[in-house]
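Residues annotated as transmembrane segment in TrEMBL: B:6-25, B:76-96, B:117-142, B:162-181, B:193-213, B:257-281, B:381-405, B:411-433, B:440-459, B:479-499, B:532-553, B:573-592 (among others).
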Amino acid sequence: MSKPARVERDLLVFSIWAVLGSGGLCFLLEGFSRDSYLLSLIGIAAIVASFVAHFIVNGIFGVGFGPGEAALGIGVFGVILMVFIGGWAIGALSESDYWSGLTLFAVLALGLPVYLSTRYGLRGAFSHFHVRHADFEDSDQ
Amino acid sequence: MTGLHHAIWLPLSVFFYAMVMLYWVRVSIAGNRGADGFFSASHGLPPWLGALVTAGVSLTGWFVLGGTQLVARDGFTLPVLVSAGVLLALPGVIFFKRLWFAAERLHVSSLADVFRLYYGSPFLVVVTTAIAVLFALGFSGLQVRMLSGLVEAMTGGAVSELAATTIFGFILFAGVGIGGMRSIGYFGVIQTVLVLSAIVFVAGFAVVSAGGFEPVNARLLALSLQPETARLFSVGKVIEFTAGLGRGGDYATSHTALANLSLAFALMGFQASPLVFKILFSTRRPSGVAAGQIWVTAGFLGALIAGGIMLTGAVGLVDDGFSIVTLFQGLHDRSPWFAAWMFIGVAAGVQLLAGLSLFAAAEGLVRHVYRPYFHSALSKAATVTITRIAIAILAVLAMILQTIAPVTLSALAALALPLAFQLWTPLLGVSWLGWITRQAAATGVGFGIAGVLLTEPLGYQVLSFFGLELPWGRWPWTIHSALWGMAANLAAVLIISAITNRTVVRQEAAEIRALFSGLLAISPKARDWRSFAWSIVIAWFFLAAGPGLIFGNTAFVSGEGETTAWLLGMPSLWAWGIAGWVSGLGMIWFLAYRMEMANPSQAVIPAYTPPLKLRRNNTEIEQERLRILFMAGAIVFVLAVLAAFIFSR
């Protein structure tokens with residue numbers, strides 16, 4: 001991908017997350033703060049919409065997630081998971097918080113194979129995880 | 001919720017915003033190649049980006065901070081604001097396509113350069129630069145001041161207005177001074193989507209806090225039935241022959257139909273300003289002009305204004321205690337993350353305008369005034385460095401004005417739009433009316449400036465300082481200064497064009513005329529539509545922005561007294577304004593595509609190569625010029641002090 005195209009794609013990705021991602025996070029926090037599962041769901045829907053929009057932009061420009069993006073995504077996912085587990089461990093979660101968190105993780109966890117299968121096909125997605133020894137041997141030769 | 005929860009979100013959001021901005025500054029620096037990259041992004045910004053950022057910069061911050069207040073205070077007496085999206089987009093439809101090709105042909109990247117080459121008029125170059133400076137110091141400065149006040153209110157005084165202003169100043173310089181035009185374009189995309197979403201959320205929160213649209217509407221109806229507030233729901237007269245505000249004119253009755261029409265002209269000044277042309281000339285193709293102006297600016301932004309901004313203002317109208325500041329304060333107490341996010345959105349809109357205006361002003365001062373007239377030997381790299389210094393000085397000057405001279409700031413801000421509107425005549429001369437001569441364009445703008453200054457507080461206060469009391473005040477006959485200026489401007493242009501030789505034009509002007517009558521000529525089919533186009537434009541202005549607004553007072557009302565009902569479930573003038581916005585959308589679509597004023601063109605324009613000339617060493621002349629400038633400045637200052645000492649009361 002040419003440099004100007006890369007810049008345009010990055011601008012679109014930043015814009016998507018600035019609006020949908022940040023807005024979703026605000027709704028999610030509002031849901032946790034007010035113990036409102038509905039508000040949390042709106043937040044989760046906005047975050048999912050951000051991912052979908054991100055996929056569409058990637059599709060238009062014919063690229064996948066960059067290494068930095070993948071690292072950031074996995075890192076944020078890990079941090080949120082740790083905070084959730086910590087909150088659960090000290091008993092700081094209400095029932096609504098608990099269900100909101102579970103819904104978020106379920107959606108994100110489900111989203112990964114769905115994304116991979118839409119991008120690489122079912123078999124191709126599986127191959128991304130299942131690396132055969134023969135592949136290594138071929139590459140060694 | 002702990003205090004930390006409240007305290008952390010706003011600084012965290014500002015920090016995150018600044019980090020994202022610095023990232024794009026870094027990307028911009030990597031993309032800039034030499035001075036051209038800094039000043040015009042090497043004419044490489046994508047068309048969609050130009051269209052989006054043009055919409056974002058088109059007064060979005062002003063509408064949130066100032067427009068909502070105006071509706072909350074004056075009700076629906078200025079229905080022209082509802083169709084502001086169309087008014088903001090109209091100049092772009094008329095000028096952008098042809099001006100882009102003119103700039104491409106002459107290989108320049110700013111409006112001042114186009115005027116310099118087309119008209120050969122230093123006066124127009126200086127005026128264009130002065131207007132950019134006015135936008136940077138006054139118009140944007142006023143918005144940054146309001147924003148800083150908002151920060152102080154949200155943090156309960158923990159962050160003072162001065163501290164907030166200083167932080168904004170630093171962020172502005174970091175974004176614009178380092179990255180240049182490319183940085184404004186790139187980060188402008190993110191700023192635009194942020195401010196547009198902030199408008200939606202501000203309106204949503206305003207309505208939710210008022211209990212929904214139905215209760216707001218019911219209270220609006222009740223207000224319209226009370227004798228003392230009924231005037232807020234109608235345009236009183238076509239014109240009121242008063243001497244103007246401050247000279248016996250009553251503010252309550254000043255919003256006549258002609259006040260609306262002349263305000264519409266002032267709004268149309270924005271896209272004639274040198275700021276917006278910086279974005280236009282930095283794009284690689286003009287193919288996004290029509291779609292951007294119609295669907296993004298007039299359509300999407302217009303819908304946000306007609307719906308979101310008016311709704312927020314309406315909530316302020318029915319609830320005295322409501323304003324943007326109280327909305328943010330309340331939100332900050334309940335949901336600090338939402339308050340921080342929406343604040344960043346509003347701040348992004350203001351920063352986009354402030355950054356662009358600072359950049360255009362500094363470029364004008366250094367590249368269009370200082371370099372060509374006082375230091376032509378200045379290298380490109382040195383020009384960039386001095387422009388950066390000028391941006392920093394202007395940012396500091398704006399901060400000082402915001403802090404210690406708010407009245408002067410307001411007076412300067414009020415001049416920006418009406419003065420920018422005076423550039424319509426030279427712009428028309430370049431793009432459509434080739435018979436406007438150099439002398440006519442320059443004199444017309446001069447008369448226009450005089451007309452504006454004499455009907456705005458700054459002008460008559462300066463004259464009053466020297467002991468000359470004008471018999472009129474602000475906006476005599478309830479006509480905005482933009483229209484007074486344009487009346488003088490047009491009269492001068494018509495008379496002087498008629499009496500000067502129209503066949504003598506500069507070579508560059510002849511090139512542009514040949515281009516417009518050749519490659520970019522309007523098709524015969526479009527020419528056949530000309531009288532129809534004039535008819536619908538005049539009819540639209542009459543009904544949606546002019547005397548026809550009187551019909552809107554009762555167009556969607558049934559019954560009288562206690563049985564009064566609004567047929568469309570909203571104040572009649574609001575509905576009339578929305579009808580004006582929708583029909584205006586159709587009008588500018590017609591002008592852009594059917595009349596071929598802004599339709600995409602694939603014509604390839606080679607850059608004009610001026611005949612080679614021997615370069616002379618102008619150092620001595622330029623030094624002499626600089627000396628004369630300082631001497632003249634000193635003499636004018638002494639004379640001004642003497643005149644004030646002798647005549648002022």
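Numbering starts at 1 and runs along the chain as it is shown here.
Just so it is clear, glycine is given a Cβ too, placed from its N, Cα and C backbone atoms.
Please treat TrEMBL annotations as automatic predictions, because they have not gone through curation.
Under the criterion of 3 or more C-beta pairs below 8 Å, with sequence separation of 6 or more, the transmembrane segment (B:440-459) and the transmembrane segment (B:117-142) qualify as touching. Note on the transmembrane segment (B:573-592): residues 76-77, 79-83, 85-87, 89-90, 93-94, 233-235, 289-290, 293-294, 298-299, 302-303, 306, 310, 314, 533, 536-537, 540, 543-545, 549, 551-553, 555-556, 566-567, 598-599 of its chain, located 6 or more positions outside it, place their CB under 8 angstroms from a CB of the stretch. Distant neighbours of the transmembrane segment (B:532-553): 79-80, 83, 86-87, 233-235, 237-238, 257-258, 260-261, 264, 572-573, 575-577, 579-581, 583-584, 587, 590-591, 594-595; these residues of the same chain sit at least 6 beyond its ends, with a Cβ under 8 Å from one of its Cβ atoms. Listed stretches B:6-25, B:193-213, B:257-281 were compared with the transmembrane segment (B:76-96); the greatest number of C-beta pairs under 8 angstroms is found for B:257-281. Put simply, of B:6-25, B:117-142, B:193-213, B:257-281, B:479-499, the stretch with the most CB pairs closer than 8 A to the transmembrane segment (B:162-181) is B:6-25. Using a Cβ-Cβ cut-off under 8 Å and counting only residues 6 or more beyond its ends in the same chain, the transmembrane segment (B:117-142) has close neighbours at 62, 102, 106, 108, 111, 273-275, 350, 353-354, 357-358, 360-365, 368-369, 373, 394, 397-398, 401-402, 409-417, 419-420, 422-423, 426, 429-430, 438, 441-442, 445-446, 449, 506, 508-509, 512. B:479-499 is the stretch from B:193-213, B:381-405, B:479-499 with the greatest number of Cβ pairs below 8 Å to the transmembrane segment (B:257-281).
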